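Enquirer: This is the feature table in TrEMBL:
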type     : residues : note
DOMAIN   : 50-91    : domain 'NADH-Ubiquinone oxidoreductase (complex I) chain 5 N-terminal'
DOMAIN   : 108-384  : domain 'NADH:quinone oxidoreductase/Mrp antiporter transmembrane'
DOMAIN   : 391-567  : domain 'NADH dehydrogenase subunit 5 C-terminal'
TRANSMEM : 52-75    : transmembrane segment
TRANSMEM : 87-106   : transmembrane segment
TRANSMEM : 112-132  : transmembrane segment
TRANSMEM : 153-172  : transmembrane segment
TRANSMEM : 178-202  : transmembrane segment
TRANSMEM : 214-233  : transmembrane segment
TRANSMEM : 245-263  : transmembrane segment
TRANSMEM : 270-290  : transmembrane segment
TRANSMEM : 375-397  : transmembrane segment
TRANSMEM : 418-443  : transmembrane segment
TRANSMEM : 455-473  : transmembrane segment
TRANSMEM : 546-567  : transmembrane segment
Amino acid sequence: MKLKSACYDIFSLGLISVCVFSVLLSGFSKVYSKSWIIEWEFFFLNSSFMEVSFIFDWVSLSFLSVVSLISGCVMKYSIYYMEGEKNYLRFIFVVMLFVGSMWLLVLSPNLISLLLGWDGLGLTSYILVIFYQNEKCCNAGMLTILSNRVGDVAILMGIGMLFIKGSWSVSLQEVSGSMWLGALIILAGMTKSAQLPFSAWLPAAMAAPTPVSALVHSSTLVTAGVYLLIRFFPMYSMNEVCMMGLLVISIGTMFMAGVSGNFEMDLKKVVALSTLSQLGLMMMSVSLGLRDLAYFHLVSHAMFKSALFMSVGCMIHNFGSTQDGRVMSGTVLSAPLLMMSMSITNLALIGTPFLSGFYSKDLLLEGSFMSGPSLIMMGMVVLSVGLTVSYSMRMMYMCSLCSASGPLIGVSSDFSKLLVRSMVVLLCGGVFGGFFFSWGFIYESGYSMLGWLEKYYILFIMLLFGSVSYNGMNGKSDKVVLKKINIMIGTMWHLPSISVKINKDFLNLGQELEGLYDKGWMELYGGRGGQKVGVMWSSVLQKGQSTVVVSGYLASYLMFVSCLFIFL
């Protein structure tokens, strides 16, 4: 046990040290407007440079510090959650490989070096999802990796399209890229950030251990798509078709996740759906040209969402590994500090004033209203924000009941010193992080001129949906909602079944094409067919040497002798 704890502590201390160093460099880069680029050129081919480059500016360094801080806290948290795990060394090495891939992605300004980190994230996330090696985890891992492979193919096609430009670096490209290149970049970001129609893999990935969810599925892997769109924004920003398509898809993802979260009983899936909703909000901000505000919300959201996953993981761990929120009643009495942690992070999620989420989310929504999308889209955005309030209050209400509504599996205990040390930094970030980060974004985002009604109707929607959620939690909505509609909404509009069906159809199509081409006529006219033709002609020549060739030699000899007799 001491060796196990020492391994976690060593990696945790190293990650936090990287975080401190990155924060200092990021502040220096921001204040003095400095950035550093390191490039390694491998070879030169057809006027194109094959190079691996790293950029150190305030954006990459600040996000690197957030990733390192959350990773260090999660490693400390894993001592508690992964207690008794025999394969803890494998878990540590895979997590560190994931963090290294994330560092590579964050620091890469070109698609060649970015692809290494991008594929590394996909591979390590698949290994972490199937860590428990049961049927549920294997199914979730297969859905995860097949969905993310679409983005990998998009990145590869983008590399091929950039080959004719002579460089894969975003800093050397034209501001207005081609339509297809912008569409490929957006498609890659959508797959990693689980936007429609690739949303099914994120709730399914909750089969992974909770430390993995707190790191991978809250602030790193799922935000990699948003970060990609922020970093490569000049490649598609002038393309109105791509921007409008991203806007429609992101708003649809927000609405779908908000509705599904209000019908979900699995606490981890509720938190995953809340992450999906916030990812849709960030994507919407990017589609409206507000990439600085999207990055601000990405950083602040990472803090409190990781702490929320940790709080939910403590409850799941103490209640016998059950994830059903209906059997976790009474947590407010048995573990008040744990309930306080979950409440603070939930309040930050819904944008309660003066918490971290308020500074980024409210500013982002105000900027979105100023950008002037259609009234229907803004109505769906406001409705999605209200649904976020509804399922967050619903989750807190289920855990705060003094009497259990289901069989109580275990009795939760309050925080230990180990949990306090691993979560207090992220909780402080969830409370104060938005305030400190806001000083770096307010002056660059401009001013939002809104009327008093537009300024306060978000608060009105929050109060309205909070009251609606309270009435629904008392059982007044179950009699109204039809059972089939309830099942459809609770399963994300049957999106997991559709995704599995589509993946299965493509795999079957690939198998048929393999039988038709690779093992069919290509084999006949390729290696195996060539072998048969060669064997056939070899046998013909072999027979000819013993029959036809000998007869030819004899005929030639007789003709030669006849000619001699004639001329002599």
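Yeah, the Cβs are placed from backbone N, Cα and C, and that goes for glycine too.
TrEMBL labels come from automatic prediction, so no person has curated them.
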Enquirer: Please identify the stretch among 87-106, 112-132, 245-263, 270-290, 375-397 with the greatest number of Cβ pairs below 8 Å relative to the transmembrane segment (214-233).
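Expert: Out of the listed stretches, 270-290 contacts the transmembrane segment (214-233) most.
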Enquirer: Which stretch from 52-75, 87-106, 112-132, 375-397 shares the most C-beta pairs under 8 Å with the transmembrane segment (245-263)?
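Expert: Between the candidates 52-75, 87-106, 112-132, 375-397, the best contact partner of the transmembrane segment (245-263) is 375-397.
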Enquirer: Taking residues 6+ outside the domain 'NADH-Ubiquinone oxidoreductase (complex I) chain 5 N-terminal' (50-91), which of them lie with a CB under 8 Å of any CB in it?
Expert: 4-5, 7-9, 11-16, 18-20, 22-23, 25-27, 29-30, 34-44, 99, 102-103, 106-110, 112-113, 116, 131, 168-169, 171, 209-211, 214-215, 218-220, 227, 230-231, 295, 298-299, 302-303, 306, 310, 313-314, 317, 416, 418-419, 421-423, 425-426, 429, 440
Enquirer: Would you mind listing the long-range same-chain contacts of the transmembrane segment (112-132), meaning Cβ under 8 Å and 6+ residues beyond its ends?
Expert: 50-54, 87, 91, 94-95, 97-98, 100-106, 138, 140-141, 144-145, 148-149, 151-152, 155-156, 159, 168, 188, 192, 205, 207-209, 212, 216, 220-221, 224, 228
Enquirer: Apart from its near flanks, which chain residues at least 6 from the ends of the transmembrane segment (178-202) lie with a Cβ under 8 angstroms of it?
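Expert: Contacts of the transmembrane segment (178-202) (Cβ under 8 Å, skipping residues fewer than 6 from its ends): 118, 121, 140, 143-144, 147-148, 150-152, 154-155, 157-158, 161-162, 217, 221-226, 228-229, 232, 235-236, 239, 241-242, 245-246, 249-250, 252-253, 256-257, 272, 275-276, 279-280, 282-283, 492, 495-496, 498-500.
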